[in-house]
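**Q** Per TrEMBL, the feature repeat 'ANK' maps to 18-50, 51-94, 96-118.
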Amino acid sequence: IVTLLLEKGADIVAKDKDSQTPLSWAAWRGHEAIIRLLLENGAGVEVKGEDGQTPLWWAARRGHEACQGKNKLRGRCVVKLLLEKGAGVEVKDSRYGQTPLWWAAEKGHEAVVKLLLE
């Protein structure tokens, strides 16, 4: 569906009422393939939502320990991909003043914490 939308000219940097982009939503849901597709088509890895949340912020907060299973969230894989594309680890959200690392630790995502510390 995302490929079709892109082919038809969908705006990949469009923001919803909370200033979240398709990339942010894909990161929140752990959809690695969609994130790759959006990044390949020009989505910005550092775009921020209303409260300063980046796609990495969402992926770290929602991170999961493993990258397995077709229908499972793959937050750790998403975090790695976003880091490879230049996402900033030290970017703080404006609501809580916390980094992706803080959120991963707060939520107990040990594998994501280790990845962010590398």
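Placed from the backbone N, Cα and C atoms, the Cβ positions cover glycine too.
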**Q** Would you mind giving the whole-number mean pLDDT across the repeat 'ANK' (51-94)?
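**A** When the pLDDT values over the repeat 'ANK' (51-94) are averaged, the result is 80.
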**Q** Can you count helix, strand and coil residues in the repeat 'ANK' (96-118) using DSSP?
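**A** Going by DSSP assignments, the repeat 'ANK' (96-118) contains 15 helix, 0 strand, 8 coil.
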**Q** As a quick check of your reading of DSSP, tell me how many residues in the repeat 'ANK' (18-50) are helical, how many are strand and how many are coil.
**A** 17 helix, 0 strand, 16 coil
